[in-house]
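Q: Take this structure first; my questions come after.
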């Protein structure tokens with residue numbers, strides 16, 4: 001393990017995928033492409049939602065926040081990963097590691113809360129259609145968005161503070177960025193009490209929102225089953241299907257990473273799972289929301305046609 005807090009102030013060595021040197025060039029190429037698609041896709045969603053008045057609705061207001069979250073979250077990890085894969089530099093300073101941990105936790109926690117807000121929006125649209133505009137008033141939507149960001153930041157500050165207060169042994173992280181489970185592996189004293197507090201915080205930010213989302217969609221399913229019109233049922237399911245897919249992708253990988261004991265966490269597996277929710281999911285979100293969405297496709301065609309003229 002090394003001596004207590006050995007060279008921690010000098011920074012950490014990020015092992016990344018150096019255990020599989022034959023994969024590094026391939027990963028560099030694919031991740032560069034995926035990162036470019038993520039930047040383009042999410043930026044396009046934000047731009048279209050601003051430019052087309054038809055998309056000035058609560059659903060697309062929250063979707064803009066999700067796209068901005070994905071842009072920030074991916075950018076907080078991928079540039080460091082690309083440098084690591086190019087073998088130019090595998091180190092990160094202590095301050096950089098703390099900042100990366102704080103930012104990634106804040107953005108991930110914010111997304112947990114934001115997905116609940118988006119589920120509530122779909123619940124109001126399907127189950128309370130006559131009162132939807134009253135419930136999802138612009139001021140209320142803004143308050144929900146602010147609450148999501150503040151809640152995510154507070155959770156991150158608590159967990160990062162607890163993490164960095166732990167005594168650490170060694171400075172080698174078997175990962176491509178500073179992530180909580182890997183840093184916990186460096187703890188060189190019995191920190192069961194602190195880890196328990198952090199686990200409770202992670203469980204609250206993951207399990208409680210997931211439970212609310214399941215409850216929202218259970219009510220939506222009941223409402224859809226009561227609809228006499230098959231077309232109405234298909235339309236209601238269409239508005240929620242993309243959100244459900246996003247929720248499944250995000251929570252599946254997050255729960256695997258953050259809700260298992262530190263002793264059973266596999267660093268090798270964790271690196272590949274982290275690739276999924278730091279790169280793949282942010283790239284897929286714009287596609288998931290637009291491929292079957294007539295409003296977004298219509299807005300895109302309108303913008304392209306305007307530029308053509």
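Any Cβ shown, glycine's included, is placed from N, Cα and C.
It should be emphasised that the depicted structure is a prediction, and the values quoted were computed from it without experimental measurement.
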Q: Please identify the range among 60-78, 79-97 that TrEMBL labels transmembrane segment.
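A: So the range that TrEMBL calls transmembrane segment is 60-78.
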Q: Between the candidate ranges 98-120, 167-189, where does TrEMBL place the transmembrane segment annotation?
A: 98-120
Q: Per the 3+ Cβ pairs under 8 Å rule, pairs at least 6 apart in sequence, do the transmembrane segment (98-120) and the transmembrane segment (271-291) touch?
A: no
Q: Counting only residues 6 or more past its boundaries, what in the same chain has a CB within less than 8 Å of a CB in the transmembrane segment (199-225)?
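A: That would be 109, 112-113, 115-116, 119-120, 122-123, 126-127, 152, 155, 158-159, 180, 233, 236-237, 240, 244, 247, 251, 254-255, 258-259.
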Q: As a test of reading the model: what is the averaged pLDDT for the domain 'G-protein coupled receptors family 1 profile' (41-289)?
A: 86
